[in-house]
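Shown next, in structure tokens, is the structure this report addresses.
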């Protein structure tokens, strides 16, 4: 049985046209089934340049492109997000933070629905701060937790607080872990990911413009996070997990750690090392896609 996208919005059926404003796409101007109907894998990440690099990488891995090939930005009509496609893989940028990725996901989920896509896997690839891990370690998220270590997204809708689950697909996480073991190039763990509302105070950093706590309080908080199962911190996973759950989409989060937050707050590795670290989620997810398509 094919699993189609589920939309939790009955109002959309009454609309003659659905304009995906932040993608500069619309059902009245674009043939979604023709453009996107064959998509099976969607990879999302913060940076437009990183997602363009990913589509070039996966194209070469799947034998659908090579060095020097150009991959046009499907969302060139806007400067909000970038989108690239090759074969069954869609690569989309989401910016930084919960509000930015939330807007993108609303329109991405509708795009996949209008395109009549089925059996979709969505994976967020990105960077994060690690807790108790060597820099360069890759974390596959078991659950996204909030800043109080609860596996939930708290959102205010029409003035009322709504709580949504942030669990991710357990089987998909295990499959990705198996892929990492087969690659054997870098340390990978499955753990909880803490999703915060900002980069500085929300993550217990001492180097922001505002900081009203001391180093001992910071370290105790991060140790409490570690003891609760948290292995990395970023700013998008909770709403990503919640929205994929509500839409019936199999989803995973795969992030590399750029530093161990128990040892400092600022990223001090060289540019070349950081570039190599950032390629690790890309390599893992690329291998997973190839294996899923029987190309390994």
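The backbone N, Cα and C atoms fix where each Cβ goes, and this holds for glycine too.
Feature annotations, courtesy of TrEMBL:
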- 80, 124, 125, 126, 127: phosphate binding site (BINDING)
- 203, 205: substrate binding site (BINDING)
- 40-289: domain 'Nucleoside phosphorylase' (DOMAIN)
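In this structure, the C-alpha atom of residue 80 (phosphate binding site) lies 28 angstrom from that of residue 205 (substrate binding site).
Counted over all residue pairs in 80, 124, 125, 126, 127, the record's binders of phosphate, the longest Cα to Cα distance measures 20 angstrom.
Around residue 203 (substrate binding site), a 10 Å sphere centred on its CB holds 23 further CB atoms from the protein chains shown. Looking at 80, 124, the binding-site residues in this record, the fewest other C-beta atoms within 10 angstroms of the C-beta turn up around 80. Across all of the domain 'Nucleoside phosphorylase' (40-289), the predicted model scores a mean pLDDT of 97. Proximity of residue 205 (substrate binding site) to non-local residues of its own chain (separation of 6 or more, Cβ distance below 8 Å) is seen for 199, 211, 218, 265, given in sequence order.
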